[in-house]
Amino acid sequence: MTLRYIALLIAGLSVLTCKTWAVVDVNMEDRVDVSLKGQAEISCIYTLMEPAKMIVWFTKSPGRDQSRRRIYYYDNQSAIIDEGSEYAGRINFSHSHEPQNVRGSALLIIDSVQMSDQKEYICTVHDVSTDSGEGHTRLQIFNSPSLPVIEGIHTGISVTAEEPSKVAHCKVDDGYPRPNITWYKDRFPLQQSDDEVKISESETTKANGLFTVESDLYIKAQRTDKDALFYCEVKYFVPGGVRMTESKEINIIVHYPTTEVTVYVNPPDRLIKEGDTVEIRCEGNGNPQPVLTFTHKGEELSADNEMLLLENVKRSDSGTFVCQSNDFDAGIDTEDSVNITVHYLDQIVVTPEETVLNQGEDLALTCNALSSLPTLTAWYKDGTRLVERHVLELHNASYDTAGLYKCEVTVPSLPELQQQKSVQISVQGKPKIIEEIAVGPVNKADRSVNLTCTAEGYPFPTITWTLSDQRTGQPVPVPEAENQKTDTGILSMISVRAMSELTAKCSAANELGTEDVSRKIEAFAHVTTTTTQATSTKGGGSGVVIAVIIICLLLIAILGSVLYFLYKKGKLPCARSGKQDFTKEKASKDDIVMEMKSGKSEEAVLLQGVNGDKKSPTE
């Protein structure tokens, strides 16, 4: 009994072992990743001693409908791709078997992958008996989304709002699987918080199965957020990994109340003088700027809110300017002030003013000008600096002392401030002719010459001129003089035509005396210039004309000599010896008579008339 049981057990184990070997083992990947519109390759590997008798591919859609749909059939006799499926024209199959390795494989290739291709694929392998095996794999499709688009809220948000305010919106399109959006502030991620941060997201599935994801960011703003940079980051899946892209950075508008104001002069550190234009600016630390008002000495001024413009300022504009802000929303009032000084330099006062000195006297001139800044005073005469002080002392006055003195007051720290004033100093005395009469160059046009005489003295002298002929001593008329005042006297000038030698006398006289000086003026020769104008003939014709004229003259001279010779020899019909007595023979009415006389003899030549008749001398 025991032996029989053991034999049956061994036989049963043998049958079981053979049955297990006959089962088909099929291996497939759990998931195959592929990009949208890409190519998917699904591999089915099986273990079988002989080539597979039949291979069938099925698909099974996700969801409630778990039914299978055949897309491909293969056996030793035929290979069939089911017509009418969405894979028509897009799938290919291949098969191979390796007997030595007891392995075979089947490959399903899908071109131009669509979103509808994302489903489960089943590979069924049958052996020669009734045994079979199958494998399952899921096709996962990926599509990279568009770049994220961010848009800020342009109206701004207030720090006084009780709830978080919306600051930005982020949108990303055409992603699959669904992309994720993360918000950042200054490179730090923002997490959902009921009190400070709120993030609201929504997604939309398009008709093509792709996702559109939108996200709104809400924050409870603070004053420091005015300088913060916000952006959104999008993470999306690709075959074999995860990728990330970022939007551009934006700055948001934050409204916050003004807690203090600052007032200043623009530009600062500038000395202001009378006549300048001054710009005073006032800025609050709030946003938007509050209503600002300017006051000076209790009086409200007209300003362009943040700027007060003062034109042509005066010293009376010096003082304190107050800027006050009025934030009605927050109920906060603040103020600040700035003090300005308008610098000035008054007109110069010189004492004494116009002064007349006697020769040998002393004088002290004082120059003063009231200024808000330290000044520098200097005295000048004829462009030469004399002293650098308020008082100019003049000693032992003489004619050289007389003249125009200038006092100049400047402000070294503000060079634009300066004043000048001149004072005339005259030295009383009889006239003094500075030098002899000066003779100017000859005017060739009318042979005139300028005579100049300069005399000093105060009261200003009167200059008179006299002219006389040196040979005859007779006076010569004096032309009108041109007189010009100088700082110390008179300069007089006359213009004379020296046709002969003259004596010029200049006399200077005032109530204190007279002085004169004389000078001999030589006669100036008359120069006559003859200008000959030659007319040229084009191509050198003048020379030809002259040559022709000379030749003609020579011919006339020769002809005259011949005629005279013939006349002397009596060869001419009208020749006569001695003097012809025209009264003895009556000439005809057509004869012409020419009588030629000289100092020793007279000869008459009777020329034949045109018609051959002779004329009497009376006719």
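Cβ coordinates are placed from backbone N, Cα and C, and glycine is handled just like the others.
Annotated features in TrEMBL:
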- 1-22: signal peptide (SIGNAL)
- 37-140: domain 'Ig-like' (DOMAIN)
- 145-251: domain 'Ig-like' (DOMAIN)
- 257-339: domain 'Ig-like' (DOMAIN)
- 346-424: domain 'Ig-like' (DOMAIN)
- 431-522: domain 'Ig-like' (DOMAIN)
- 544-567: transmembrane segment (TRANSMEM)
Counted with DSSP (H/G/I as helix, E/B as strand, rest coil), the domain 'Ig-like' (145-251) has 5 helix, 61 strand, 41 coil
For the domain 'Ig-like' (37-140), report the average pLDDT of the model, please.
86
Do you know the DSSP helix, strand and coil residue counts for the domain 'Ig-like' (257-339)?
3 helix, 47 strand, 33 coil
Over the span of the domain 'Ig-like' (37-140), count residues by DSSP class, listing helix, strand and coil in order.
6 helix, 57 strand, 41 coil
